[in-house]
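Following: one structure in structure tokens, then a few remarks.
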Amino acid sequence: MKYNVVNRGDETSVRTKDRFHELAAASGLTLDPDCPDIVVSIGGDGTMLHAFHLYADRLDQTSFVGIHTGHLGFYADWKPKEFETLIQHMAADSSEPIRTVKYPIVEIQITTGQGTETYLALNECTLKGVEGTLVAELRINDERFEMFRGDGICISTPTGSTGYNRSLNGAILHPSLEAVQIAEMASLNNRVYRSLGSSIVLPKHHHCDIYPKPGQKILFSLDHLNMQLTDLVSIRCMVADRKVSFVRYRPFPFWNRVKEAFIGDIVE
């Protein structure tokens, strides 16, 4: 089996990476940064986002697994002291199909004065006005839906619904649902600008187009990446046809992750 490691760069993560390479080589695994079967993320959820974008063009051939060296993350199943067990599973899986779960991601098409570019997001993307309020028209399935005026708009995947979307009072979606969620940031409502005021969930095969008012400078974020757009025409978001695969050598139900992250132990 071919693998690669992406690590956060802190002392604990680097030490874990070095030890992982030693044991992986002794177990017959092959280090291949270009065409890995499995990418091991050592760090936190931010490290996994970085790994995802490094291999976004290989989602059909590459799966991901996370070792968390800080707080428990939604994308990191394993602790540093457990990576020997992870390597044993990977070595035993070399002659069999890798055991994975597949989660939906969001496809974003950005149209500017220079043309259209397509991106994928594992967690979310956001639009904000650089110099103040964002003004934009939203269309769903090519029908005018609302005129938005506020701080910004967040578009999240089901796994990303536990992040920025949750802080905007959006719903937490189970990743078995093929959907994207659109949440408003501090929307303003008056006779001219009327928005729904709550998040909406679009199923697969539906799309939402966002048309910012011309002349605005837009701060656009895609997971951990940021860019400033001065000639943005529109953004289209939808459930992507492709999915991301995570290695699952042991069960860790999604709602257990949510409980551990936000609720903890319940005291009677």
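From the backbone N, Cα and C atoms, a Cβ is placed for every residue, glycine too.
Please treat TrEMBL annotations as automatic predictions, because they have not gone through curation.
Taken residue by residue with DSSP, E124 (NAD(+) binding site) is part of a strand. The NAD(+) binding site annotation in TrEMBL covers D45, G46, H50, N123, E124, R149, D151, T162, G163, Y164, N165, R166, S167, A186.
According to TrEMBL, the feature active site, proton acceptor maps to D45. Mapped onto three states, the DSSP output places D45 (NAD(+) binding site) in helix. Counting every protein chain shown, the Cβ of D45 (NAD(+) binding site) has 25 other Cβ atoms within 10 Å.
Of all the binding-site residues listed (N165, S167), S167 has the fewest other CB atoms within 10 A of its CB. Whole-number maximum of the Cα to Cα distances across the NAD(+)-binding residues D45, G46, H50, N123, E124, R149, D151, T162, G163, Y164, N165, R166, S167, A186: 31 angstrom. Considering other CB atoms within 10 Å as the measure, the emptiest surroundings among the binding-site residues E124, D151 are those of D151.
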